[in-house]
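Worksheet: the structure to be examined is printed underneath.
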Amino acid sequence: MSYVVGIVGATGAVGQELVRLMRERNFPLSQLRLLASSRSAGKTIQVGDEKIVVEEAKPGVFADIDVAFFAAGGGVTRALAQDAVAAGCLVIDKSSALRMRDDVPLVIPEINPEQLQSHGGIIANPNCSTAVMLMGLWPLHQTFGLKRIFVSTYQSVSGTGAEAIDELDAQVRASVAGEAITSRVYPHQIAYNCIPHVDTFGADGYTGEETKMAQESRKIMGLPDLKVSATCVRVPVLRAHSIAVSAEFERPVDLTAARAAVAAFAGAELIDDPANNRYPTPLECAEHVRCGVGRLRIDTALDNGISFWVSGDNLWKGAALNAVQNAELMIREGWLAAKAASAAV
Ligand code: 2RA
C-alpha cells in the first residue's frame with residue numbers, strides 16, 4: 001500500500017529534511033504534495049527526478065491526502081490541523097501547539113509506540129531537546145526507575161531556523177573580516193557566545209523551552225510526578241543539540257548495567273570511551289538516526305545518581321525523523337489506512 005503525503009511547511013528546514021528522509025528511507029509514497037504559505041506557493045522544488053510545484057496550505061487542500069506532516073509553526077497547526085482531520089487525513093505535527101492536549105498522543109516510537117493507536121486524527125512530535133534527552137534517559141529509567149533530573153542544554157542554531165544559521169555564519173564572517181557584527185534573530189551575538197535564553201521567559205523565571213522539557217518528558221514517559229530542573233542554552237553550533245543530564249533514580253545504580261541498557265536501546269548509540277577521547281559531539285551526531293550517549297558516570301551529588309551527555313540531530317530525531325518513524329510504525333502495524341486503498345484492486 002502507498003500513501004499520498006503532504007508536507008505543510010515544505011520550504012522550511014524541517015520540511016526539507018522530511019522530503020529527504022522519506023526518499024532515503026523509501027517511504028511508501030504514491031504522491032508527495034508540498035504545501036507552504038501563499039508566499040511560497042507556485043515555486044518548484046526538485047525532488048529526485050521530479051519537479052514539484054508548491055501549493056498553498058489552506059482549507060480544502062487535504063481532501064486527497066492520507067498523511068500530512070505539519071512542519072510549520074503553531075499558528076499554522078492551529079489554523080489548519082482540524083481541517084485536515086475533518087478531511088480524513090492523519091496529522092503528524094511538529095509544533096508545540098497541541099502537544100499537551102489529552103486527546104493528542106505525544107509519541108517517540110522507541111518509548112510509547114502503543115499510543116499511536118488511540119488518537120483523534122492528530123499525533124504530536126516532541127520538542128527537539130526533549131526527544132534527544134529521552135534517547136539517553138529512557139533506557140536508564142527502565143533499568144533504575146527515574147526520580148528527578150537536572151539538565152542543561154547546548155542547542156544549535158538550526159533549532160531556530162534557517163535565518164539563525166545565516167546569522168551565525170554572517171557573524172563569523174564579519175568577525176574574521178574585522179567588520180561590525182549585527183544581531184537580528186537573537187538578542188545577543190551568537191558567534192563565539194552562549195545565550196541562556198531559548199523561547200520566551202515565563203513568570204517563574206523558566207523559559208518556554210525549559211517548561212516544555214519538563215511537561216513533555218512527563219507525558220511521554222508516563223511519569224506525571226517527575227521532577228525536572230532545566231536550563232536551556234543556545235550555542236554557536238549549526239546542527240545537533242546536546243544535553244548534560246544528572247538523573248536521580250529510585251534504585252541503586254551501576255555503570256555496567258547503565259551502559260548495557262543504553263547500548264541495547266534502539267534510539268541510542270553508546271559512545272563512551274573517554275580515555276580514547278570517545279564521547280558524542282554534535283558534529284559527529286548530526287545527520288545520524290541514533291543519538292549519541294556517553295560520559296556515563298556515577299553522579300557525586302545525588303543519591304542513586306548517574307550523569308551523562310547526549311547529542312542528537314535536532315532536525316532529525318528532534319523533528320523530521322521522529323515524525324517519519326511514527327508514520328512508518330503506523331504503516332507496519334496496519335494502523336494507517338490510505339484513502340485510495342478501497343479503490344485499489
Ligand atoms: C529550538 N526547540 O531549538 C527549538 C526548536 N523546536 O529552539
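The backbone N, Cα and C atoms fix where each Cβ goes, and this holds for glycine too.
As recorded in TrEMBL:
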| type | residues | note |
| --- | --- | --- |
| DOMAIN | 4-119 | domain 'Semialdehyde dehydrogenase NAD-binding' |
| BINDING | Thr11, Gly12, Ala13, Val14, Arg39, Ser40, Ser158, Gly159, Asn314 | NADP(+) binding site |
| BINDING | Arg99 | phosphate binding site |
| ACT_SITE | Cys128 | active site, acyl-thioester intermediate |
| BINDING | Gln155, Arg234 | substrate binding site |
| ACT_SITE | His241 | active site, proton acceptor |
So how many other Cβ atoms are close to Ala13 (NADP(+) binding site), meaning within 10 Å of its Cβ?
21
Thr11 (NADP(+) binding site) and Arg234 (substrate binding site), distance between Cα atoms, whole Å:
24
Candidates Arg99, Cys128, Gln155, His241, namely the recorded positions, that fall within 10 Å of Asn314 (NADP(+) binding site) by Cα distance:
Cys128, Gln155, His241
Return the maximum Cα to Cα distance in Å (whole number) over the record's NADP(+)-binding residues: Thr11, Gly12, Ala13, Val14, Arg39, Ser40, Ser158, Gly159, Asn314.
26
Measuring Cα to Cα, how many angstrom lie between the residue listed as 'active site, acyl-thioester intermediate' and Ser158 (NADP(+) binding site)?
11
Can you tell me the three-state DSSP label for Cys128 (active site, acyl-thioester intermediate)?
helix
Here the binding-site residues are Thr11, Gln155, Ser158, Asn314; which one has the lowest number of other Cβ atoms no more than 10 Å from its Cβ?
Thr11
From the binding-site residues listed here (Arg39, Arg99, Ser158), select those whose CB sits under 6 A from an atom of ligand 1.
none
Between Ser158 (NADP(+) binding site) and Arg99 (phosphate binding site), what C-alpha distance do you get in Å?
21
For Arg39 (NADP(+) binding site), which residues in the same chain are close in space, meaning a Cβ under 8 Å from its Cβ, but six or more apart along the sequence?
none
Of the recorded positions listed here (Thr11, Ala13, Arg99, His241), which is spatially closest to Gln155 (substrate binding site) when Cα positions are compared?
His241
Calculate the distance in Å between the alpha carbons (Cα) of Thr11 (NADP(+) binding site) and the residue listed as 'active site, proton acceptor', and round it to a whole number.
22
